[in-house]
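Right, one structure below, let's go through it.
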Amino acid sequence: MNGKRPAEPGSDRAGKKVKKEVMAKFSDAVTEETLKKQVAEAWSRRTPFRHEAIVMDMDPFLHCVIPNFIQSQNFLEGLQKELLNLDFHEKYNDLYKFQQSDDLKKRREPHICALRKILFEHFRSWISDISKIDLESTIDMSCAKYEFSDALLCHDDELEGRRIAFILYLVPPWDASLGGTLDLFSVDEHFQPKQIVKSLIPSWNTLVFFEVSPVSFHQVSEVLSEEKSRLSISGWFHGPSLTRPPTYFEPLIARSPHIPQDHEILYDWINPTYLDMEYQAQIQEEFEESSEILLKEFLQPEKFAEVCEALERGRVEWSSRGPPNKRFYEKAEESQLPDILRDCMALFRSEAMFLLLSNFTGLKLHFLAPSEDEPEDKKERDAVSAAENTEEGTSHSSSEPENSWAATSDSSLQSEGPTDPEEDEAKKESSVPTCQGELRHWKTGHYTLIHDNSKTEFALDLLLYCGCEGWEPEYGGFTSYIAKGEDEELLTVNPENNSLALVYRDRETLKFVKHINHRSLEQKKSFPNRTGFWDFSFVYYE
């Protein structure tokens, strides 16, 4: 149906011929009264409902699929053309990589205007009727374009006022082999995402919508096609916010002081260049200038070769680390490690290594380390730490093991009510340097994310990489450091064989490992038996 857009009063276009207003309707089958009542009843009872015009499912959370959402193919083609003519901007951070248009709220293109009217007037009214949610007229929609290696990782969409999320797909013929599926996650007893239990394949003119809630965890899987683009319009209908369950805090990973170990272990393992005191002084000078350094060929060649051989033999028992809204990678089970790998872990926990790192960085990681300016620095850090810990009950404090304060499972840190300031100060003064570490396996699909509860503190990060010959930055897998509240990277640490990366971070710095995409499979051309790379990851605390 077509009509004319009336000229605005006072406009110089008045009296002149103007473009016809584009009109479109969504599926009559959805608005048919009997069907509408059935859908509303299914929503109310939280029971599945299937019809050729709409499918509603409750597993793992309430979501609906409407095929043939728009009646006119001509309208859809016109809409697609307008969308592809928009300016797209790359969206890139720890959570996603894709291209997005500007907000479509004020676009004047006729087909975009018509779709906006359909969605935020007629369709919003229909959803309000079936869901009994008082949805607002707030317009919140944009266009997204996912191409090869683009993805949006696990998240729940929860933001103040978002009640219903929707996606309208305008894709060429598509199947699961192309990636780009909308993956839905189940949750565990703590309302944390557990695993993918359903994947919806994009389809031309299909609209998916779901209820935004504390359990609506989903992702857009990586697009695997190098020829096709996944084009969609997505947004949210806003309304009264739901009450969130209490924030879940993960159990803290215990930190441990150094293991008593003779300094001879350093001569057995480490490149002699790095044991020269004059060279250590140069390293410290550079580190104190930039708070980071990369020490190449760190381990002796024979030892490094033994470590790599043990990793490539595949005799390590790995366990997956989650939940997927925070991280996804594999961690070695230390009790089952081959001797050479167990010895390497012991090296990084050794007293000799704590002292060596003190010499590299100037940090007080050993009682023998120089501490000329300790009083000012230590008091400042302790003061900040104390202030942060008193705010834990009201702020988004961390459930991230790497970024949490407790050094051990000291029950007094979790006791209720105020504590004795003098007792607290005594504990701080008597505290000893500690560390925590793991051996990790990184391969296609792995990542870590910054999350709402990320908490930071002063710490020294150590990374030693293995098996990453020929690894390219475009594959992902690099460690990125950013300032709180910012997307701009402060530092990127790329995987480099037998290189030791040291990074000192403060309370305003967050880190993540970028999602490893399918470009990384290029590695198999040179190393057919290798999947990804490994790193020894340790964090040291003064």
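Each residue, glycine too, has its Cβ placed from N, Cα and C.
In this structure, His218 (Fe cation binding site) is part of a beta strand by DSSP. What Swiss-Prot lists as Fe cation binding site is His155, Asp157, His218.
Listed in sequence order, the residues of the same chain lying 6 or more apart from Arg230 (2-oxoglutarate binding site) and placing their CB within less than 8 Å of its CB are Ala144, Lys145, Tyr146, Glu147, Asp150, Tyr169, Val171, Trp174, Leu178, Gly180, Pro202, Val220, Val223. When secondary structure is read from DSSP and collapsed to three states, Arg230 (2-oxoglutarate binding site) falls in the strand class. If you look up Swiss-Prot, you'll see Tyr169, Arg230 marked as 2-oxoglutarate binding site.
The compositional bias 'Polar residues' annotation in Swiss-Prot covers 395-417.
The domain 'Fe2OG dioxygenase' annotation in Swiss-Prot covers 134-239.
Annotated region 'Disordered' per Swiss-Prot: 371-435, in sequence order.
As a whole-number mean, the pLDDT of the domain 'Fe2OG dioxygenase' (134-239) in this prediction is 97. Sitting within 8 Å of the Cβ centre of His155, Asp157, His218, and not among those site residues for Fe cation, are the Cβ atoms of Leu152, Cys154, Asp156, Glu158, Ala165, Val212, Ser216, Phe217, Gln219. Long-range Cβ neighbours of His155 (Fe cation binding site) (same chain, at least 6 residues apart, Cβ-Cβ under 8 Å): Leu95, Phe217, His218, Gln219, Asn325. The number of other CB atoms found within 10 A of the CB of His218 (Fe cation binding site), across every protein chain shown, is 25. According to DSSP, the secondary structure content of the domain 'Fe2OG dioxygenase' (134-239) in residues is 3 helix, 53 strand, 50 coil. Counting other Cβ atoms within 10 Å of each Cβ, the binding-site residues Asp157, Tyr169 show the lowest value at Asp157.
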